[in-house]
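Taken from TrEMBL as is:
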| type | residues | note |
| --- | --- | --- |
| ACT_SITE | Asp229 | active site, charge relay system |
| ACT_SITE | His260 | active site, charge relay system |
| ACT_SITE | Ser426 | active site, charge relay system |
| DOMAIN | 57-129 | domain 'Membrane-bound transcription factor site-1 protease-like N-terminal' |
| DOMAIN | 220-472 | domain 'Peptidase S8/S53' |
| DOMAIN | 500-628 | domain 'MBTPS1 third' |
| DOMAIN | 629-900 | domain 'MBTPS1 fourth' |
| SIGNAL | 1-24 | signal peptide |
| TRANSMEM | 1016-1036 | transmembrane segment |
Amino acid sequence: MIRRQTSAFTSFSLSILFLLFSLSLLPFKPSLLPSQPLTLSSSQPNSTLPQTPPPCNNYIVRFLQYKPAEEHRDYLESSVRSDGWEWIERKNPSSKYPTDFGLVSIQEIARESVIGEIRKLGLVKDVNVDLTYRRGLLGQKRKGKAGAGDRAGVGAFVDGNKRPGKIFTAMSFSEGNGGGEYYSAISNSSIRWGRHFLMQKSQVTSLFGAEVLWSKGYTGAKVKMAIFDTGIRANHPHFRNIKERTNWTNEDTLNDNLGHGTFVAGVIAGGDAECLGFAPDTEIYAFRVFTDAQVSYTSWFLDAFNYAMATNMDVLNLSIGGPDYLDLPFVEKVWEITANNIIMVSAIGNDGPLYGTLNNPADQSDVIGVGGIDYNDHIASFSSRGMSTWEIPHGYGRIKPDVVAYGREIMGSKISTGCKSLSGTSVASPVVAGVVCLLVSVIPESRQKDILNPASMKQALVEGAAKLSGPNMYEQGAGRVDLLESFEILKNYQPRASIFPGVLDYTDCPYSWPFCRQPLYAGAMPVIFNATILNGMGVIGYVESPPTWHPSNEEGNLLSIHFTYSEVIWPWTGYLALHMQIKEEGSQFFGEIDGNVTLQVYSPPALGENRPRISTCVLHLKLKVVPTPERSKRVLWDQFHSIKYPPGYIPRDSLDVRNDILDWHGDHLHTNFHIMFNMLRDAGYFVETLGSPLTCFDAHQYGTLLLVDLEDEYFEEEIEKLRDDVISTGLGLAVFAEWYNVETMVKMRFFDDNTRSWWTPVTGGANIPALNDLLAPFGIAFGDKILNGDFSIDGEQSRYASGTDIVRFPAGGFVHSFPFLDSSESGATQNVLLTSGMTKADSPILGLLGVGDGRVAVYGDSNCLDSSHMVTNCYWLLRKILDYTSRNIRDPVLFSDSVKRDTRLHVEDNQLPLRRTDVNFSTYSAVVGKELICRSDSRYEIWGTKGYNLQVRGRNRKLPGYPLIDLGRGLNSTVDSSNLRHPKLPVKNKGDSGKGYLDLIYGDEAEAPVTIASHWLVPAVVSVTGLLLFLSFWRIRQKRRRRRKGSGSGRFTNL
């Protein structure tokens, strides 16, 4: 009895202690700051660290009105109650003018509260990080041979590590006396260029006939030219008219110590006989926005832009660019610049010959984007190609560049005296800027502001340009600038609106590529053509009524066009998208359809006018139509489930590419998969694009659904429909996956000093957990190895570049395996052992399977189809796969008995790759937290519905492994992760201390968010448990006391 009472007392005491411990956990609240890198140290835990001031970052506060900076400062200081911030005085030439933004320094510890308070203020538009721009203005001569993308990586990534500054691409570079060398990722060879393009150097001005206008007295006089670059030195002998030099950097100098700004100015307005500029009498305003280290900040640009508007610049040249078209303070300020009637010219980028590599701001429709050509009128291999990728996946990109100009071995001014040659689109850009200055001076000064604006100048340039034979519209735009033709257009110009391009001609190949490569036919997905509206009548315009299709003959009635367009055209430009389908009654028609699309635009009356300005725009169509192809020849490409940068950190598919780690080329049939598209057309396949969920296509119409390098999730309805499409409808399914390894993704994170945050990959090269869900009905799954190596099938040599492995496959299927090294974090130990002489194990990478009436083929690597950084292509394999999935033609090698599986390939669920739980995937996903709906890139009859044969009501998608997150919250929002699966975590390093309860949740994951619900949920559950134990023991004691009272004193004597 004594033992029982003692035990009860001990349990009671323990319950009290447990309760006290549990309650002590509740006050624990993790920091709301972004996660910081874990630093391991061998120093004593109690050692005293030196005190350092709290870290501060600069933020741009944009206001709704222009006011003196002092008023904005007083407003913030009187309205913001939180401490930990201060106003930064900006001492530069724009200080005397009203501004629409302020720069504040905010301590990191107070960031959330201060920014939250500022954003709630009525006169504040938004708050953004003061981004850093860093670029390679003058390229270095290469030493040795490097991989593709080297030049694109200058200033952004070096050997896989991000350099300080905003992500950008390289601009001009020197090719040297021996000629330059550029590595082509497409041909896997080096392309050499040099002086052999021109036996002797010509004046670039003479190639455009500038002497003709000089002889007429037009030399750019009284044109105010703003050059945003590295500055210029005073009293430079090459320039007649340097009006003003301003410095916007934190360096105390106005001089150009790099030479790029001087060179650009020389191309525009140089007066030296060896390197003449186009407009020698142009007034030069040199804006030094880059330091000697080639660094700039968004706030410097915003101040400089405001000053350019306040001082009424006419033309602005900006030879910078990068892939981030979502840097809103910068992008919107560019809109404001052009809205203030400043003609902006910008380089399209040096990321060619890859497609989908346009740089911002040149990819904006209100900016004149310039590409580069050589002296033989060939598109320079370095010149970036279109289309624009803003509109993907639901729409189709615009045509860019607008025009091209000579950009190879162009002569310009040196820093102090003399001339030199440079190449790049940032050289072609000042060529066009010089042409623009010359054209502005043609118009009498009294009429310049009435006639000249960003739209009218672009009209003159694109309508006067000479179309080159060979390049397509996404390589050359309207063609090579023609100064004299544009001069003739401007002489008689009357304000009007127009459409660029004005013609879509399916018979004009290759210029109209990709449209001319595949005719229209009934039953196809809509073909989208995205044209630009140029409104020379005013900064703002309106589309008066919906566009109209006017067929030239009766056959034209077989064409059905739906239009999406800008109802409000601002600034100066808008878009007109044609969604074209052939009606069902045209399923057997073969021939051409001709006609015009008309659109009426009006703008408010100009000063002194009483009536609105009205103009009718015309887009001429000449289309080829063929009978609907048989099902086996039709392939559907899934664009909907592709995610790109920006906005998400989507890593490059091949991890061997160290200097271009972002997947920013669009992953579209007509960007970095354009060579594959051409191959499929040559093989007789008709390839269509699906930009909506998989419920939005009729599987009876297609032989194969092609899924390549996809990063997004899938709706449950998509998974169910695809299973039925394959098994019951006979649809073929071909999947090309990519690497996915959580530990490797964690290692790939980096701190971005632009956004002052840690960047971690949203997913791997492909989203393997999502693909595994999609393939689960067929018994197929991919693993998390990262495999590399060479292999051969039927004499075809191929490179497996950062691909994944197959870990599940049914018996009876055909599986090809090869000995590869696993470069993932988990495979590193295995590879070390292999170097000691062990044999590499075969990894399954290719599987083919018949399922019901359909067929499935899976392959673990897509790099061999992607022209961005291709090592070797596998088009031969794709053709064999499509022969099987679409027509059940079995290649004897692929279907050899030696690779047929007698038993299934299988791993347990807990060995499959897991989703990351520490990223806010809904921010980038078109599925997670979104509604399933068919958009305007699907067949007209299902626009706005859930798709074919679906009667379910719309709802948001919530997946296991992802929270359903309100998109109104930020990236560091609190999310309920109590029901999430957690990824495998990195191995614990030696010297790690013991784990607290947070470590039990996250292990050693440095990316673990610190604001999730688990951080209060765990102590709460423990506390409630302790409370219940306490109440239980308390009730037991109370019962025993009542028993003792009723049993007499004899019981107490035993005690």
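A Cβ is built for glycine as well, from the same backbone N, Cα and C atoms used for every other residue.
Ser426 (active site, charge relay system) is surrounded by 34 other CB atoms, counting those within 10 A of its CB over all protein chains shown. The average pLDDT the prediction assigns to the domain 'Membrane-bound transcription factor site-1 protease-like N-terminal' (57-129) is 95. Cα separation, Asp229 (active site, charge relay system) to Ser426 (active site, charge relay system), rounded: 11 Å. Across the domain 'Membrane-bound transcription factor site-1 protease-like N-terminal' (57-129), DSSP helix (H, G, I), strand (E, B) and coil residues number 27 helix, 30 strand, 16 coil. Summarised by DSSP class, the composition of the domain 'MBTPS1 third' (500-628) is 11 helix, 67 strand, 51 coil. Other C-beta atoms found within 10 angstroms of the C-beta of His260 (active site, charge relay system) number 25, with every protein chain shown included. Note: the CA-CA distance between Ser426 (active site, charge relay system) and His260 (active site, charge relay system) rounds to 10 Å.
If you draw a 10 Å sphere around the CB of Asp229 (active site, charge relay system), it holds 27 other CB atoms from the protein chains shown.
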